[in-house]
Amino acid sequence: MSLLVAPSILAADFSKLQKEVEMLNNSAADYIHVDIMDGVFVPNISFGIPVTEAIQRHAKKPLDVHLMIVNPDHYLEAFRNAGADTISVHYEACTHLHRTIQAIHKLGAHAGVAINPHTPIAMLEDIIVDVDLVCVMSVNPGFGGQKFIENTYSKVTRLKELILKKGSSAKIEVDGGVNLDNAQKLGASGADILVAGSFVFSSPDPSLTIATLKKS
Ligand code: DX5
Ligand code: ZN
């Protein structure tokens with residue numbers, strides 16, 4: 001079974017963003033993963049709405065926007081208007097997650113929930129049927145290029161069990177430190193979508209790396 005791949009534009013060369021997006025358009029990538037960091041929820045700042053809009057102007061693949069921000073409700077509409085097809089918010093940043101998921105759906109986007117490495121799968125029990133995607137963080141969010149946390153495999157397996165038990169159609173995305181050493185095992189554990197940033201963009205042939213990840 002072929003995995004879906006969402007290269008993270010965070011690892012691209014921003015001085016030639018259009019070229020990088022075009023490379024992804026011509027690759028086997030299924031989505032373009034867009035990491036939004038606010039310097040509050042995570043200890044780093046990436047970019048925001050105008051850059052997302054610029055990506056969308058050239059993108060031929062759906063934008064998978066990962067909001068690592070506090071108060072995501074305030075910005076859902078702006079990111080939807082900037083081209084987000086999927087919007088994922090962090091479980092840890094949402095006091096009223098169910099309301100936030102409803103708001104994303106109301107905007108016509110797919111709704112995802114992202115969970116930090118310390119957040120148990122059990123916390124998703126009463127939201128899993130409402131989401132289209134669960135983004136399992138396999139690093140602590142905030143930076144590209146970090147080391148994959150091995151506990152992720154068992155988390156993905158337990159999430160898959162929960163999805164089946166509840167009859168949810170949510171896809172499982174794994175984000176952080178993904179490469180060819182862990183991709184196959186993640187797929188076997190139940191992952192549907194792999195996010196990969198530095199592994200793709202620091203490879204000599206990013207397009208080939210994307211195709212290889214998909215086949216792993
Ligand atoms: C981490 C981000 C990830 C990151 C992945 O906070 O959410 O999407 O860009 O980058 P790599 O693949 O380099 O770990
Ligand atoms: Zn991400």
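The backbone N, Cα and C atoms fix where each Cβ goes, and this holds for glycine too.
Curation does not apply to TrEMBL; its annotations are automatic.
Counting only same-chain residues at least 6 apart in sequence, those with a Cβ under 8 Å from the Cβ of D35 (active site, proton acceptor) are S8, I9, L10, S46, H66, M68, G144, G197. Residues or ranges marked as active site, proton acceptor by TrEMBL: D35.
Annotated active site, proton donor per TrEMBL: D175, in sequence order. Annotation note: D175 (active site, proton donor) sits in a strand segment as assigned by DSSP. For D175 (active site, proton donor), other Cβ atoms within 10 Å of its Cβ number 25.
Summarising the annotation, TrEMBL assigns substrate binding site to S8, H66, G142, F143, G144, G145, D175, G176, G177, G197, S198. According to DSSP, S8 (substrate binding site) sits within a strand segment.
Shown in sequence order, A6, P7, S8, I9, L10, D64, H66, D175, V195, G197 are the residues of the chain, 6+ apart in sequence, with a C-beta less than 8 angstroms from the C-beta of H33 (divalent metal cation binding site). Following the DSSP three-state reduction, the secondary structure of H33 (divalent metal cation binding site) is strand. Look at TrEMBL and you will find H33, D35, H66, D175 tagged as divalent metal cation binding site.
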Item to check | For S198 (substrate binding site), nearby residues of its own chain (Cβ under 8 Å, 6 or more apart in sequence) | outcome: A11, G144, G145
Checklist outcome for this item: Near ligand 2 by the Cβ criterion (under 6 Å), the binding-site residues from H66, G142, G144 are H66
Checklist entry - Does DSSP give H66 (divalent metal cation binding site) helix, strand or coil? => result strand
